[in-house]
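**Student:** Just passing along the structure, written as structure tokens.
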């Protein structure tokens, strides 16, 4: 009795809620054996034919490749793709792929050479001697992925299962009403399928192996039973036909009675599921050493003349397969990749066959009926009754349409397997699956953005923490550097402080004068001398600063000198071209000569105070001096040739002479105050200039005496008064100069010139006095 009960439990199956029973159309294609399709002229191999990232390219344009040669490298979850035939790589560019929107993905385009040569194949017939890791790596590098429709890398799936897998389930249900690829594969290659199952069992070491197959495949069931006749480790479970019993969660519940938790995987409950086609691909990869380059594809529909199942090379254009099967398209012909419930309509027929392509359906206009117009939801709950995942499709529809992503997530939209049962039974013809696909894509995009934001935040926080640690370490180093001085340093500091205090005490001690002793004033004298020296140094610095600020630019000075020379030449030409009647006023000439001499002295001082770097060209200086002497001689000649009728008023001349002396004294004082103590005067030059000035003064007096009119008389008393005033002013000036500070130096040249002028004026006054007495 106990054995009977155990046997009953062993073969027990469960039933899931919901599901539908659409009309079956499998007989269109499952009656003919598998056949090969002629090679296409061009193959388009997308680099991404699986869930995950695309691999790294290992070929380039112009390379010759063989069948089975890797086109990409598989690292991590990146699954490699292989050349479906031998030929030449003509392009590597984006190309539209098997997607509802025909999205362009990077693809390798190969022109076949028609030879279909394989790479050297190394099979592992003794795979049981290989380790688990070696087998998983070989399966991964040979490009094996889930061929049931998901496209998940098989090697990654086996690696993730680990040692916690207790039940291995082989999915042979194939519940779509048109698809017969697995059915025909089990009929024609049952032994190879079972061998692939044994390889998977060797890797996972499960306690039980279950094959789930629907009862609408009698030929496949009989072939499997024949192969498993002597096997006791693999159980074949025949289940009732119900859509979608081929779903992973639904088949797991049917065979084990266990439900996969929301948001979880079947491996969480110790179950791992593989497709029949995947098992066959594993066998070819491990034992035969052949990468996956082809798969079984169902060609069905009333628009195809020769429906059936074919071995289609990956990368073959869909148009090539349909034309080989006798495709007769209508005006508004549609082609569906996949079944009528879970498939999608191809936007055009040049997309390639990929690893997840299991069916190409070309229905006629009457086969699927006219598309119905979408209407409003009537809340009939028929979709909820048909949902195999126990969801509320009508609520998910409203949430998806209203962009309420949080509520859609709360209502477990991620558990939707997109089987299309809800849309099949909907009386309002609402394409619910399309809404759910779009909502899940938007939620995935939001989650990805949140993930990137979280990663960015983590990086920012890590950076802030690192900066804080560096700051704390830096402060700690500063604190450790600011330690107390050593004992010897303390002694040195104390000694220095003692010396400072001693000096301060000595400075503040009063000076005591004892009777009979002279006081020691050396400290006071030294302090006074130091203060004087400091004051002189400050005054010298201030004087240097003022001199540097007032130094003329040598270039500007040269320009001004050139302009003055040009004006002088122009004046000479005008004077030379003047009429003989036009005479020169001696007073104006004397004034101009005095102004010219003053400007010359000022220019000499500016040049003397210029920076030592700027040097004066001696040749230019000599030329300018010669020009000045020539101008002076010419002026003297003009004065000598003046008309005798024009006379000079002695009183006006005396007044002008007094004004000139006052201006000269003021200019001398300014020049003495601004003069550098370093400037020295050559006594010989001063004597020469004084002699020249005296000679000119005598000559001028003689001219004035000769030109003076006898009729004009000068008052002797006024002249005597003016002479006395001049002598008094001269004495006062001498006293002021004698009382000046010893630091101020008098320019000998200026003094000589002033003395000569004074003597000339005195002589002139005396001569005028003698003339008046006569």
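The chain as shown is numbered from 1 upward.
Glycine is no exception: its Cβ is also placed from the backbone N, Cα and C atoms.
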**Student:** Of the candidates 189, 328, 426, which one does Swiss-Prot list alongside 377, 380, 383 as binding [4Fe-4S] cluster 1?
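**Tutor:** Of 189, 328, 426, 426 joins 377, 380, 383 in the [4Fe-4S] cluster 1 site that Swiss-Prot records.
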**Student:** Which one of these binding-site residues has the most other Cβ atoms within 10 Å of its own Cβ: 377, 380, 419, 426?
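**Tutor:** That would be 419, with the highest Cβ count within 10 Å.
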**Student:** Grab the same-chain neighbours of the domain '4Fe-4S ferredoxin-type 1' (369-397) for me: Cβ-Cβ under 8 Å, and only residues 6 or more beyond its ends, written as numbers and ranges.
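**Tutor:** That would be 16-20, 244, 247, 249-250, 408, 411-413, 415-417, 419, 421-432, 435-436, 439.
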**Student:** List every residue in the same chain as residue 387 ([4Fe-4S] cluster 2 binding site), at least 6 positions away in sequence, whose Cβ is under 8 Å from its Cβ.
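**Tutor:** Listed in sequence order, they are 17, 18, 393, 421, 422.
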**Student:** Calculate the per-residue pLDDT averaged over the domain '4Fe-4S ferredoxin-type 2' (407-436) and state the result as an integer.
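**Tutor:** Averaged over the domain '4Fe-4S ferredoxin-type 2' (407-436), the predicted model reaches a pLDDT of 92.
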**Student:** Could you give the Cα-Cα distance between residue 419 ([4Fe-4S] cluster 2 binding site) and residue 380 ([4Fe-4S] cluster 1 binding site), in whole Å?
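**Tutor:** About 19 Å separate the Cα atoms of these two residues.
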**Student:** Would you mind pulling the DSSP three-state label for residue 387 ([4Fe-4S] cluster 2 binding site)?
**Tutor:** coil
**Student:** What is the one among the binding-site residues 383, 416 whose Cβ has the most other Cβ atoms less than or equal to 10 Å away?
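**Tutor:** Per the Cβ count, the most surrounded site is 383.
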